[in-house]
Amino acid sequence: MSRQPILDIKGLRTVFRTRAREIVTVNDVDIVVNPGETVALVGESGSGKSVTSLSIMRLLARKVGFIDAGSIILRGKSGQTVDLAAIDEEAMRRIRGNDIGMVFQEPMTSLNPVYTIGDQIGEPLRVHRGTSRREALEAAVELLDRVGIPDARRRAGQYPHELSGGMRQRATIAMALICNPTLLIADEPTTALDVTIQAQILDLMQKLQSESGMGMLFVTHNLGVVAEIAQRVVVMYAGRIVESGPVKEVFRNPRHPYTMGLLRSMPRLGDATEMKRRGEKLNTIPGMVPGLANLPSGCAFAPRCSFAVEACHAAVPPLASVNEHHGSRCIRWQEIAA
């Protein structure tokens, strides 16, 4: 299998317009996704994760959000590369649902309530390949069966409200994969599901990925999910990448205080009883994510950081190389240990 990247983002900068000013929501973001690889994009709400994924798909609100700088190079099914940041909307329509599939957080809002499940899953085939409605429906039924929906033919004739939350999410996964994309973007696809269904959906996505060899950008705030599904992790804070590297290395040896704070605030099995016995509380990160319209000077995390020194407030730190595969946007990364 070719190791040329499926997705290669360099220097992505996304801006939102307000009546008063322009606000940078994603700043200088670099992400690479290889064939068969899952890269997790993590951070608190407001960190820029979802705006990054919407920028890749060019689904930003018109006249409000726009890509101001950078490139988004996609290697499609033909093997040819295209810069998604530079093409027009007509060209982008030929790529969405064909070379790139996307699974959204809440399936009830991403599925159309007035069309049957089968029609919605089959629509990308009709749009991109000119498949007949009957052939598209047969393909949809087959894929519904593959994603684990029982009695797939009957379910294909039903409407979204007639399916459970887990079934709806399986249907949106089927819709995203119907054209065999090279890249799947999954934006918090398991957040609205209970833990049992969440585990089933994660297993399903890994199985389908191993069968197709597609790359996956998995957007989440759940580090437990990251440990299970991803090979590399990109941590975002206030619109910038603050740490990136192999999941095992970053989790074992985080080199940014924000990553360390996220990991330490994760509850672990057995912790509650032991912490109660000791009279301890769950670790938290003090403060809140700053508003992107009013970022502090220097490192945006400095006001919440126990490692911060005067120099942290002077300038935005560069993304330093911890090693060939691991980067940290912290001037004190060498002093930080988990």
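Cβ coordinates are placed from backbone N, Cα and C, and glycine is handled just like the others.
Per Swiss-Prot, the feature ATP binding site maps to G43, E44, S45, G46, S47, G48, K49, S50; the stated evidence is sequence analysis. On its own chain, G46 (ATP binding site) has A238, V289, G291, L292 as residues at least 6 apart in sequence with a Cβ closer than 8 Å to its own Cβ.
Per Swiss-Prot, domain 'ABC transporter' is recorded for 10-263, and the stated evidence type is sequence analysis.
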Using other CB atoms within 10 angstroms as the count, which residue among the binding-site residues S47, S50 scores least?
S50
CB contacts under 8 angstroms to G48 (ATP binding site), restricted to the same chain and 6+ apart in sequence, sorted by sequence, are T25, V26, N27, V29, M236, A238, G239, R240
Counting across all protein chains shown, how many other Cβ atoms sit within 10 Å of the Cβ of E44 (ATP binding site)?
16
PLDDT averaged over the residues of the domain 'ABC transporter' (10-263):
92
